[in-house]
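Record features (TrEMBL):
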DOMAIN    84-144  domain 'P-type ATPase N-terminal'
TRANSMEM  338-358  transmembrane segment
TRANSMEM  378-399  transmembrane segment
BINDING   ASP449, LYS450, THR451, GLU530, PHE571, LYS594, ARG629, THR709, GLY710, ASP711, ARG799, LYS805, ASN828, ASP829  ATP binding site
BINDING   ASP449, THR451, ASP825, ASP829  Mg(2+) binding site
ACT_SITE  ASP449  active site, 4-aspartylphosphate intermediate
DOMAIN    851-1101  domain 'P-type ATPase C-terminal'
TRANSMEM  887-906  transmembrane segment
TRANSMEM  918-939  transmembrane segment
TRANSMEM  960-981  transmembrane segment
TRANSMEM  1001-1021  transmembrane segment
TRANSMEM  1033-1053  transmembrane segment
TRANSMEM  1073-1093  transmembrane segment
Amino acid sequence: MVPWARLFRRLHYEDLGEAETITGRIYRTILTIGSNLSKCWSFSRRSFRHYQQPFPSLYEDEATTSGITDGATSDQQNRVIFVNRPQPQKFVSNRISTAKYSVPSFVPLFLFEQFRRYSNCFFLLIALLQQIPDVSPTGRWTTLTPLILILSVSAIKEIVEDFKRHRADDETNRRLVEVLRERRWVAIRWEHLQIGDICKVLNNQFFPADLVLLASSEPQGISFIETSNLDGETNLKIRQAQPDTARLDAAPALADFRATVQCEPPNRHLYEFNGLLKEANVKTLPLGLDQMLLRGAMLRNTAWVHGVVVYTGHETKLMKNSTKAPLKRSSIDRQTNTHILMLFIILLALSLLSAGFNEFWMRNHNDWYIGLEEAQNAHFGFNFLTFLILYNNLIPISLQVTAEIVRFFQAKFISMDSEMYDPASDTAAMARTSNLNEELGMVRYVFSDKTGTLTQNVMVFHKCTIAEVIYSRPGPTERLEDTPLYQNLTREHPTAPVIREFLIMLAICHTVIPETKGDTVDYHAASPDERALVTGAAAFGFSFCTRTPSHVHVRALGDTLRYQLLHVLDFTSARKRMSVIVRTPEGTIKLYCKGADSVIYSRLSGGDSAPFAAATLAHLEHFAAEGLRTLVFAVADIPEQVYQDWSNTYHKASIAIQDREQKIEEAADLVENNLRLLGATAIEDKLQDGVPETIAALLKANINVWVLTGDKQETAINIAHSARLIHTAMPLLILNEDSLDGTRESMSRHAIDFGDNLRKQNDVALVIDGKSLKYAMGCDLKKDFLDLCISCKVVVCCRVSPIQKAEVVELVSGATGAVTLAIGDGANDVAMIQRASVGVGISGVEGLQAVCASDYSIAQFRFLLRLLLVHGAWNYSRISKLILYSFYKNICLYVIELWFAIYSAWSGQILFERWTIGFYNVIFTALPPFAIGLFDKLCSPEIMLRHPILYIPSQQGLLFNVRVFWVWAVNALLHSVLLFWLPVALADHHVLWSSGKDGGYLVLGNLVYTYVVLTVCLKAGLATHSWTWVTHVSIWGSLALWLLFLLIYSNIYPTILIGAVMLGMDRMVFGSLVFWFGLILIPIATLIPDLVVTVVRNSAFKSATEAVRESELKQRAPPALLAQPRHSLTETARLLQNVRSVFTRRSTSRAAVELELSHGFAFSQEEGGSVSQADVVRVYDTRQPRPEHS
């Protein structure tokens, strides 16, 4: 019992509540295991081992946990990793897989996927029933053989598609990284990387796993990483190694390094990490997020870093935010399943009815000459199974294989579309799955990432306003001396001093690190905005060239100016500004301040009436209307004594024990006033080509576009303006709450503002940040949040994690039942891509993670328009017609067996020869479905793109639904009536031949069969929108194949011992004038009603699609029907025009936020890091050479 005593002595150090919890757990366990003392002893030993760590570690554990983590249970111990030594336990490999199948899982998963389709389950049942002797009227193998063929074709297609995923995964897994092996660096594949390995990552390389930073090429172990692949933020993050490990900058030192890393179990929290680094005979070092290098991030502006691997493969935080590749099904597939189930019920009813009629007939007939004695011994159940097998073909067995083949080639058409080829990256579109082709035509919601999806990740200095004059950046072929700014600066223009001050400020008010390479200077910046500003200053001749810990050097039109850097006041989201205090070459002290107009204008000397203020504000609005990111620049002269007094105040604030940040901000406020306005800049966050036009067309197609990004609110809204997703007159509903109650109150207020228009689309944009989204996605607010989102035309979610993106997509998909599409290019988009009905990956600069997890991949966002409006609408129409037509042609033929049962005493006798029944779908009517599924199109691609409204019928499922299905089914039923009884009427008096001979029931069967083949082929032509040579071949070729088969099959017996009943059938059929007369009369008589209905509908009840098709054929402009579509998208927007003031009730702070947004303010900068921007610039001396190698 010693372990129990140790356990309770261990619990003595715990608080009472935890002791009670663990004691209660032990007590419950003892009750559960009862008298099994061995299990009790086993439990006590496990409990003892769990608590036998040294006492201080308990508090270390408490300090390093952050609540419940995904994938890590509360009982799971912290991970202990031995650096440069073998691991005592086995960890997961670093190989990742986004594929659906593996070799062992393929068969069970594939069969599960296939037998989710009711049709396959039904045909398997029929195939089993056919093995019962003397039950099947059609033989034992007529169902099993096609079923095996169908499953084989589907399996081959799935293997081919999943092989592409495995190949893309291999491309990632086989990347190389340098790892320390036997005191030297060895390049190995990512997939071979192991926990505890020390690896070296070079500049502009992705991190292969989750690493703890040990050392870097930069001073004090600093490194810069880009996390846009993880969180969508474009600014660089700063990571810093512990000072005690920053010395490990060479292989020998790393090889002698012996330590253990203790860290939390794998979890999905991107912004949390806690651990300890324990080196022998050295104090324990704490590890946090500042030492964490996550897989998916990229090293920037740093020659190399050394790191130790702590999480690998699917245990990395990136992969923890992903979900397993789902088995997606299209909406049409699910609807078809329902229709098959209903047809199966009808089939059961028909079989019961026929078996009942057979019983009734047998009881009322006792004709000795037809030998009914044996037949009378057959019981009702036996007859029921016979009719079930006889009628089973009402459900087309060839449908699945036909659809699979058609989808496969549709996917090939997408990949072969030259209009979706990007020559810049040599990348074509690719369909990674073909099961969802028709879903592309039904998309109602598009969820888009921002960074790399809508934007190019490139910031460009576009223009500026200085002293009320707007200047544009010099063009690529324009000389600096020819620019208006240069001329005003050098020709003593009245604004020349202001221009010079502005350009000097651009060159020194930042935290950029210059690196001279030959005659050029490369700028490394944590903020892409600052890099663009410094580059813009250099374009105007004011080049920032050198940084030391205390000075900056600027080359101004050939002269080198040296400024002493006194203070750097960092940018924060609360301050919305950044300042530097410098001593000029003349010895004066100046403060340069840049930031949002709302904070700069309130600090101007003279306020809004200050010089240049009004004109600059008008210019800001002009810049914002163009979707540009704006910053306002101002300067202040500081007397020496004032600076000294303020410097003492600032120093006291910076060493304060309590409320340090608040006191530092208050100290900064003291000096950032009495500013003189210089001007403002406009930076372009370059969109990908065609993004505004694409989004405008998607909105016209009644597709809601939501932006889900990890970037800042200002940046996201700015991009939404640039992309024309939000227009200047659109009210913004901003949810930035820090509590559950605040979120609930804000959502309730907005819901009340909408009134009766709640849950109706309004011309309003909703903007919500990640923290508010966390509360809004809670169980009690989820419905209210969804109502609010549906009420808005545009939704922008900012600062959201990858799993939050997936939750939003899942919420909308589940609650609305609409088809959703998620598009992104980074690893942070994988989860939402997999949760959406359709996932589209952009093969951009952020790696292949999103592409590997996607269903379709494209090179540019603009290609999404063609993917949806052309391929999506076409494929939806094609698959809809293919499925409807497949059911139609089967009902046409096989219901005839029911009509024939009336004449055959409900005996189950078949009218057609059994192999002609089997070949009906496989050969004789196989071509028209392929012609429809592959080559039919509503309109030309140019028309589809020019009129996005043509997408709405497919989006709303107007071409395939319950009503349309049963219209086709009833139509087929009526056709079967005509196709049976008209030939029966022709042969009623046995006048098939002039000789008066009779050929038996099989002659009638072959007449009917021929008429059915021709009729259903012509019906395919009637349903086809665009006739091509393929259409003609499929229709007339199908009839020719049947007649050729009849000719051959009627003459092969007894050479081949099959088809004895068909011997001489060709001469009997072809020798009858009645047959040829009926071949013309019966199909025409059957299809005339269909033709009349089609003509009336396309004339009197013309849809928008038909109107455009007609105008395309007549080569004239489309009618006014397109100008004012029936499906109006702006009805509620018009209702809101009179109540727009509802959304103007804002607090003062909220009004300030919206003012900044309307003026285009956006600035990317890391906040809250362990290394401030001021500290970063103090450690660099760019006059010293940077180490290129470790």
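For all residues, glycine too, the Cβ spot is worked out from N, Cα and C.
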Among THR451, ASN828, which are binding-site residues, the residue with the most C-beta atoms within 10 angstroms of its C-beta:
ASN828
According to DSSP, how is the domain 'P-type ATPase N-terminal' (84-144) divided among helix, strand and coil residues?
22 helix, 0 strand, 39 coil
Highest CB neighbour count within 10 A among the binding-site residues ASP449, ARG629, GLY710?
ASP449
What's the number of neighbouring CB atoms sitting within 10 A of the CB on ASP825 (Mg(2+) binding site)?
33
Would you count the other C-beta atoms found within 10 angstroms of the C-beta of PHE571 (ATP binding site) for me?
23
Could you check which of these binding-site residues, THR451, PHE571, ARG629, sit within 10 Å of ASP825 (Mg(2+) binding site), going Cα to Cα?
THR451
